[in-house]
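Inspection log for the structure reproduced underneath, given as structure tokens.
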Amino acid sequence: MDVIVRRTEKLEGTIEALSSKNYTTRYLLVAALADGTSTVRFPAHSEDSDAMRRCIAELGAELEEDDEKIVIKGFGRNPKRVAELNVGNAGAVLRFLLAVAALSEDVHFVNTYPDSLGKRPHDDLIEALRQMGATIDDNGGRLPITVKGPVQGGKITVSGEVSSQYLSALLFLTPLLEADSEITVTGDLKSKVVVGQTLEVLEQAGIRVEANEDYSLFRVPGGQAYRAGEYSVQGDYPGSAAILSAAAVVPSDVTVRRLAVNSKQGERAVVDVLQMMETPLTHENDIAVVKGTGRLKALEFDGDAATDAVLAMVAAAVFAEGTSRFYNVENLRYKECDRITDYLNELRKAGADVEEKQAEIIVHGRPQGVAGGVRIDSHYDHRVIMALTIVGLRADEPVTITDAHHVAKSYPGFFDDMIALGANVEWVKE
Ligand SMILES: O=C(O)C1=C[C@@H](OP(=O)(O)O)[C@@H](O)[C@H](O)C1
Ligand SMILES: C=C(OP(=O)(O)O)C(=O)O
């Protein structure tokens with residue numbers, strides 16, 4: 001399904017933030033790895049969280065759900081034998097479950113998104129699991145992948161250069177092994193803040209992990225058990241970053257509720273970034289209020305601190321006065337698409353003035369707006385879809401985003417929320 005985004009004069013209203021994707025995947029996983037019964041309240045409902053839900057059920061977790069919660073009886077350290085798992089297009093879910101699969105005997109991960117997740121690398125995790133004794137058949141570090149356990153703890157080395165998800169995956173697995181583990185992270189760890197979310201969830205699940213200050217060394221005692229628990233999922237900053245950035249580029253009076261002020265999500269930085277860009281924005285008592293004027297100032301920002309919000313920030317910078325620079329963002333190239341080259345190509349089509357370096361996005365702002373009048377390839381990427389929607393709000397001619405239904409990977413209600421706020425957006429069948 002395609003979406004047509006037309007110039008929008010004003011956004012106004014109040015929405016509840018969607019639930020966090022990254023906390024939902026983590027809480028579902030630790031609940032599955034516990035022996036007792038856990039409750040996850042306010043879980044995200046999206047393709048990625050559904051992928052985790054489906055896979056842990058196949059691995060033997062018993063799930064019961066209603067509108068507000070999922071009650072999960074875990075399988076502990078003994079997942080059921082399954083021949084095959086399908087994680088859809090969910091990167092984090094795949095990486096976490098590749099590690100969990102090593103508790104089992106022979107699990108085959110299928111390749112259902114050859115042009116998206118099918119292109120993403122997993123070599124660094126595969127290599128670490130091999131050091132631990134796993135036998136792995138892979139396709140040059142990519143899907144399809146078959147993992148055969150068992151594995152042992154001990155000294156493990158993993159690269160953090162491409163993704164933090166490999167390290168998080170090992171942190172979920174190693175407490176369940178008999179031996180103690182010592183994980184050394186080589187290279188410059190990317191998306192470091194997300195590892196903080198992994199450690200927070202592990203601690204809530206009663207797991208002990210010792211980490212040094214720069215997250216290059218972790219000691220994980222073996223023989224631990226996940227404690228069943230009661231978890232409550234907070235609002236999602238990466239998805240809300242798109243709403244807040246949309247509200248910043250046009251005149252607006254938009255309130256987003258349920259955005260924890262003290263959240264560990266790095267994408268919380270969208271609030272500071274928009275304020276630095278001189279957007280009138282307040283954030284108190286977990287409520288963000290944007291009273292946009294459409295005027296923005298350029299800025300320089302280390303994007304690795306807020307990986308999943310960078311595309312929305314860049315979309316806002318398209319309309320800023322001056323040149324913005326988002327640096328330290330090379331790992332955006334290894335996402336649902338190459339979020340530097342592919343994304344900037346689509347922005348250019350829409351009329352933005354952007355440049356790329358290997359690890360940087362440079363935006364020469366156009367406060368006068370962009371031409372639009374184009375069809376955008378969404379590259380299977382929910383964050384590209386949301387970002388181009390922001391740009392379309394201030395384009396002279398309509399912007400058509402093809403296959404915009406892929407927004408459901410993380411934020412199925414994105415267009416409903418945008419329409420509720422007054423965005424001039426319309427679904428069309430091809
Ligand atoms: O651990 C996680 O849940 C995630 C980690 C990040 O990935 P990278 O570490 O690959 O940057 C982030 O972009 C992704 O959406 C979710
Ligand atoms: C990159 C993302 O997710 P994943 O790596 O889990 O596919 C994302 O949500 O933007």
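Positions of Cβ are set from backbone N, Cα and C atoms, glycine also.
These come from TrEMBL:
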ACT_SITE  Asp308  active site, proton acceptor
BINDING   Lys21, Arg26, Ser163, Ser164, Gln165, Ser191, Asp308, Asn331, Lys335  3-phosphoshikimate binding site
BINDING   Lys21, Gly91, Arg120, Gln165, Arg339, Arg383, Lys409  phosphoenolpyruvate binding site
DOMAIN    6-418  domain 'Enolpyruvate transferase'
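Proximity to Arg383 (phosphoenolpyruvate binding site), defined by a C-alpha to C-alpha distance within 10 angstroms, is shown by the following recorded positions from Lys21, Ser163, Gln165, Asp308: Asp308. In this entry, phosphoenolpyruvate is bound by Lys21, Gly91, Arg120, Gln165, Arg339, Arg383, Lys409, whose most widely separated C-alpha atoms sit 19 angstrom apart. Per-residue pLDDT, averaged across the domain 'Enolpyruvate transferase' (6-418), gives 98.
With respect to their backbone Cα atoms, Lys21 (3-phosphoshikimate binding site) and Lys409 (phosphoenolpyruvate binding site) stand 9 Å from each other. Checking the binding-site residues Ser163, Gln165, Arg339, Arg383 for a CB within less than 6 Å of any atom of ligand 1 leaves Ser163, Gln165, listed in sequence order.
Listed in sequence order, the recorded positions among Arg120, Ser163, Asp308, Arg339, Lys409 whose CB lies under 6 angstroms from an atom of ligand 2 come out as Asp308.
Asp308 (active site, proton acceptor) carries a helical DSSP state (H, G or I).
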